[in-house]
Amino acid sequence: MADQLSSGMGNLSIDQQPPSGPQMGGQGQMRRSYIPPHLRGKMGDAAPPMAGPNGLNNSAWAGNNNYDARGPGGGGNWPAPGGPPGPGFEGQQGAGWGGPRPQGGFNPNAYRGNAGAGAGAGAGGGGGSFSNRGSGDGQWRDGKHIPGPANPRVERELFGTPDDPSKQHTGINFEKYDDIPVEASGDNVPEPVLTFSNPPLDNHLISNIQLARYNVPTPVQKYSIPIVMGGRDLMACAQTGSGKTGGFLFPILSQSFHTGPSPIPASAAGAYGRQRKAYPTALILAPTRELVSQIYDEARKFAYRSWVRPCVVYGGADIGSQLRQIERGCDLLVATPGRLVDLIERGRISLCNIKYLVLDEADRMLDMGFEPQIRRIVEGEDMPKVNDRQTLMFSATFPRDIQILARDFLKDYIFLSVGRVGSTSENITQKVEYVEDIDKRSVLLDILHTHAGGLTLIFVETKRMADSLSDFLINQNFPATSIHGDRTQRERERALEMFRNGRCPILVATAVAARGLDIPNVTHVINYDLPTDIDDYVHRIGRTGRAGNTGIATAFFNRGNRGVVRELLELLKEANQEVPAFLETIARESSFGGGRGGRGGGRGGGRGRTQTADYRKFGGSGGGGFGGGFGGAPASGGYGGGGYGGGGPPAGGYGGGGGAGYGGGGGGGGYGGGGYGNPGGAGGQSWW
């Protein structure tokens, strides 16, 4: 190309030739330079002097020509002698291309992918080592945990500022949590802790808790911290918004900071010391993408500046980026069951080093049909057996079938029931309005005009209604967005982010956002469509009144919702809320054969004791059950009056006899003695 350029220059006329002279670096010799067509024939000022052969040594590429000409900021952006440095990250050792060159030759540790070596500074901008892990990395060196340096930018990202509306802070009723009753059953239950202190917690974790501006442990944290730190398994029920996530993250991270990483099997190391398969020591399973993302964000907060690297995997997102994240190191893994099974099948995750297994919202995972995947993960892969790991189950509700499932996953566990689980917080003011379907939109507009300000979460039953209602509100000049299962993960995350930061203070959602999501500072929850299950209602309104803050929950009720009227009445009375007269009237109508009977049958069954009590104490009790039936003549039965009872878990589970089966026939056992009964046939036959 240079020859072509030279030959081309030879064809230029003399008046187009550049002048010679010392200013061109040629000491009187002719140097030909290319002149653009629009400048040809014009005599201009001489070009600035360019020292060195070919005029390169004063450019940003000078170092490529002459190694010794480089300035002190080596690495990728080599500055010109006497010129400004390259655009590296100023002041950061090895964090960018402008960092200093490595001293003393090649450092093989800088290229390793483990948590200890190379977790500090990068290799002088050479790019071989991954940079600090974003949350500020510490190291595990010589059996000690060495926290990394503070990073103000990352701290603002993780913890926000005191007046940041997107971060949850404790509210005015937070101290009332001390009045919530707590029941712990099991052998040798440890005493609760009253403060975040050492012991039992690690000092570095306490500093991160202080950065998050958490001052006092919630009731579930007061009990779960000493239980988990003592090596015990735990099944915990807690009122929504009570700090369940901290209840398992605090003790797991504290113990990890003390004990350090588990050794990776010798066969696992790949080329250059970097393995493709991850060996996490803690696994947290949750049912939805939003919930695992939320838990991951909390884990990043409390693992800040530590050696522990949290990772998150879930379906509906690019698996390639998740694999790259895992390859960079994964000590604490938050996952949905389906995506985790996929990664295990790909050979990218091993569970052989798991010390802590957490099932969050376990009842919801079973409701969504994840039991086969959960059993495969826990029992069918290389996870240590129940006696070689700690297992924790957390949820807002624990129906009896979940408690029985715990026999397979937990050992000598402590059952913790905090507050009225399956009930609601008194921080939430519940209002039930009688609204026919055709009037719902106009009533909704009245409410939104009346309660302007704050974040409002509106729950509907169908995806189509979510989009339709959000479009209607936008046309009425209300800034709204929607979230449901048909939206892509990127769209869902964007909608949640706009809702959190207040750009769209109205969010219309289906049940996908109802369970476990911690959306800070929601002041009003509206059940535009009431759910058919009272537990779903509990979880929906639990999105407000969190961490001691107050909130309002409004429900649109009509005779189409009479299936939940009895349970709704009981719920309002438990939480000391106003009970409208029309609810009492419709409840009386339902009791005369119209609607579904109560699930309670007294306090013996239904949402009461069986949802919150330790079945090991009450496993043999019958009574109640789903009593009442769907209504109708005794011959057609309904749910039957036999009830949960039975002979304790080993003898037959849901127990039985008595009453009709699910829809017909008489007699019939429970789960253990003949199943639910066969509709239209003899009750002794089983569906199972």
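Placement of Cβ uses the backbone N, Cα and C atoms for every residue, glycine included.
Positions annotated as compositional bias 'Polar residues' by Swiss-Prot: 1-15 (among others).
The annotation region 'Disordered' is assigned in Swiss-Prot to 1-170 (among others).
Annotation source Swiss-Prot lists compositional bias 'Polar residues' at 55-67 (among others).
Positions annotated as compositional bias 'Gly residues' by Swiss-Prot: 88-102 (among others).
Annotated compositional bias 'Low complexity' per Swiss-Prot: 103-114, in sequence order.
The compositional bias 'Gly residues' feature in Swiss-Prot is assigned to 115-129 (among others).
Feature annotation from Swiss-Prot assigns motif 'Q motif' to 194-222.
Per Swiss-Prot, the feature domain 'Helicase ATP-binding' maps to 225-416; the stated evidence is sequence analysis.
Positions annotated as ATP binding site by Swiss-Prot: ALA238, GLN239, THR240, GLY241, SER242, GLY243, LYS244, THR245. Reduced to three states, the DSSP call for GLY243 (ATP binding site) is coil. When other Cβ atoms within 10 Å of the Cβ of GLY243 (ATP binding site) are tallied across all protein chains shown, the result is 24.
Non-local neighbours of the motif 'DEAD box' (360-363) in the same chain are 244-245, 248, 284-287, 291, 295, 393-399, 402, 405, 515-516, 535; each lies 6+ residues outside the stretch with a CB under 8 Å from one of its CB atoms. Per Swiss-Prot, the feature motif 'DEAD box' maps to 360-363.
Among the features that Swiss-Prot reports, domain 'Helicase C-terminal' is placed at 427-587.
According to Swiss-Prot, the region 'Disordered' annotation covers 590-615 (among others).
Annotated compositional bias 'Gly residues' per Swiss-Prot: 592-608 (among others), in sequence order.
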- prompt: Can you count helix, strand and coil residues in the motif 'Q motif' (194-222) using DSSP?
  reply: 13 helix, 0 strand, 16 coil
Task: State the count of C-beta atoms found within 10 angstroms of the C-beta of THR245 (ATP binding site), not counting that atom itself.
output: 24
Field: pLDDT averaged over the residues of the domain 'Helicase C-terminal' (427-587)
entry: 84
